[in-house]
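Engineer: First the structure, which I've put down as structure tokens, then a few questions once you've had a look.
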2 protein chains.
Amino acid sequence: MEIPPPLVLKRPLFVPIKTLMGPGPSNCSQRVLSALSNPVIGHLHSECLQIMNEIKEGIKYIFQTSNDATMCISGSGHSGLEAALCNLIEEGDVVLVACIGLWGHRAADIAKRYGGDVRLVETTLGHSLTINEIELAFKYNQPKIFFTVQGDSSTGVLQSNLKDIGKICRRYNCLFIVDTIASLGGTDFFMDEWFVDVAFTGSQKTLGAPPGLTPISLNMRAIDCINARKTKVKVYYFDILLIGQYWNCFNMPTIYHHTISATLLYGLREALAQVCAEGLKAFIQRHQQCSYRLQQGLKDLGLEMFVKNANERLPTITTIKVPFGIDWRKVIEYAMRKYSMEISGGLGPTVGNVFRIGLMGENATLERADLILNIFREAIESSKLDNNEKSKI
Amino acid sequence: MEIPPPLVLKRPLFVPIKTLMGPGPSNCSQRVLSALSNPVIGHLHSECLQIMNEIKEGIKYIFQTSNDATMCISGSGHSGLEAALCNLIEEGDVVLVACIGLWGHRAADIAKRYGGDVRLVETTLGHSLTINEIELAFKYNQPKIFFTVQGDSSTGVLQSNLKDIGKICRRYNCLFIVDTIASLGGTDFFMDEWFVDVAFTGSQKTLGAPPGLTPISLNMRAIDCINARKTKVKVYYFDILLIGQYWNCFNMPTIYHHTISATLLYGLREALAQVCAEGLKAFIQRHQQCSYRLQQGLKDLGLEMFVKNANERLPTITTIKVPFGIDWRKVIEYAMRKYSMEISGGLGPTVGNVFRIGLMGENATLERADLILNIFREAIESSKLDNNEKSKI
């Protein structure tokens, strides 16, 4: 053996305990963590398929849908985004993408890779798109597919008019994809009632499961579109018709599509069970109450919200303008070093401009909201002191 | 809320304890299982990046490579296969695929989705390809890319002449992709010495980690080919240049590509640490000794191996011909029902023709080899009795 075993793997695994109040992942509950150490079982064993069925029912509940084609992509949230796009897009299709932060641009990048003729509908950073702006873009572009996030984690903006967008999509005979990764559980989402054709979400945000499985649901309009494709879906791994057969979505014999991670199924199953036990309505209210408490506290600290209008603010992830003269990196480092507390900086277009605080899942409690306010205040004060020290020199 | 919370999620999670002696996943060690319940940390936290670095070193060791571009795809083994192909293939490229079972055909399906001009080199089921057969196919097809599995889990065939194939690939200026999912840890593999340009493996076979992360490594020839692409890699999620930046492979600032599953990193890190502690040579020998013991025992039972030549047999997964008159389903069901022991049937071209027994990772011990022999014998006897009962009626 020419390549020797690495010395680093002689050391024990080191995992710190942190409070994750960035944009996700959030902390898992003890119930979820305990479930993860259950023994692995086979990806086609009846008990595994049973857990997948249970997860499917849980996803239908959180999306408020009765879609049969409800399953998980075996990958992170990005894989859900890519699966949604690559199954629907064929070369030359007009794809209209709403941009209220980084994620629209990411979706546009991906859609182009699949030959989509991508058009953007954008607005000023920190605002959501009005229904007029969107309808104008529909008139002009006549898209086959419309994509939007419900909430953009980079800006903290909530796109709250999905119900009206759904109606426009039907009028224009357009498929409606909604990315609810950052929003689900923090705000209402009614997939069927709002005419959403494809929705996906993250496991590691409000749900509090580990990353690695991405719930996705498609209605019959979307499935019909996939069935009518002239070309095979590019990506075998994201091929919804095959994954759906594995997840028993189409009343056909179960096939082996890939080896799903039983470990991650256990975690997601328990996370969904916890949401069910609490009830979706109470779950959402809890997130909203915490967000309100946080926003009030931030106001009391004299800090300015990045999203001006309160009704355009994502309840799960709050964006705060970096005050003039403050080094955002120092604030974040202070909270992490002293309290093992994650506060996040901006992402994409907001890097350097905002702090991002997430109150999701286990961390969506009033106590945690107060805790982060105290730590955040202290971290900012400490960074100001640093500045004063420097100015003396 | 129109869709009510599902009743199934009120029940506790049920996970049976099984001995997984099919083609994978294998059982995880207690060390791996315990690691999985560590708290989740952020995908860009320094401790997470450190664990990724440790995993990278472990992968270099098991592949025997010094490639900088060594990382994981965040998905099952299939995602590694697809990542390898979609990064290298551009529209019209000639891709030569070796078929010694299902996996060549799967690779061919995927390569075609990316516009590959796929040519197959096949042989009789149960045999590997000779170096002459392969060289002839090179002469005739002049491929840009050659793909083979080192071992095919559907047939139990080992393709043992990779070293010679590597030389042919260099002579024909062809990129050499090897799928070692079913073989690594059960037989020698020297990525650098054998001129393998891209290799990937499974986490859930000999390594004994849960499924969900797929180690992959690319040398500079492969990276140069990707850098020289005329078109973007189709799949953002599998884009090696971006994933490699996240995994700190290119000496560039770390980027956020996707949210990796910290949970799965913990498991894989510990699994690799266990291989390092045992030593790769001893690890492989253990698998080979167990395979030998199993094969001897099967012979003593009067059973026939599916792969005639002993040196073409994959040590990790052994394929046994279903004896005449035996209902393979009953044998498998018996072992599972009475002993919670997984023995597997065939896959793809071998369905109905073979049993597949895997002795991998934790299950690669002489005791387990004897155990499965006893159970297998009993299950076959029981199935014969069933037949006799029926013939009396």
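Heads up, the Cβ atoms here are built off N, Cα and C, so glycines get one too.
Okay, so TrEMBL annotates it like this:
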type    : residues : note
BINDING : A:R356   : substrate binding site
DOMAIN  : A:41-346 : domain 'Aminotransferase class V'
MOD_RES : A:K205   : N6-(pyridoxal phosphate)lysine
Engineer: Of all the recorded positions here, A:K205, A:R356, which one's CB has the most other CB atoms within 10 A?
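Structural biologist: Selected residue: A:K205.
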Engineer: Taking every residue in the domain 'Aminotransferase class V' (A:41-346), what is their average pLDDT?
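Structural biologist: Mean model confidence (pLDDT) across the domain 'Aminotransferase class V' (A:41-346) is 98.
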Engineer: Any idea what the Cα distance is from the residue listed as 'N6-(pyridoxal phosphate)lysine' over to the residue listed as 'substrate binding site', rounded to a whole Å?
Structural biologist: 14
Engineer: Can you check what DSSP calls the residue listed as 'N6-(pyridoxal phosphate)lysine', collapsed to helix, strand or coil?
Structural biologist: coil
Engineer: For the residue listed as 'substrate binding site', what is the secondary structure by DSSP, using just helix, strand and coil?
Structural biologist: strand
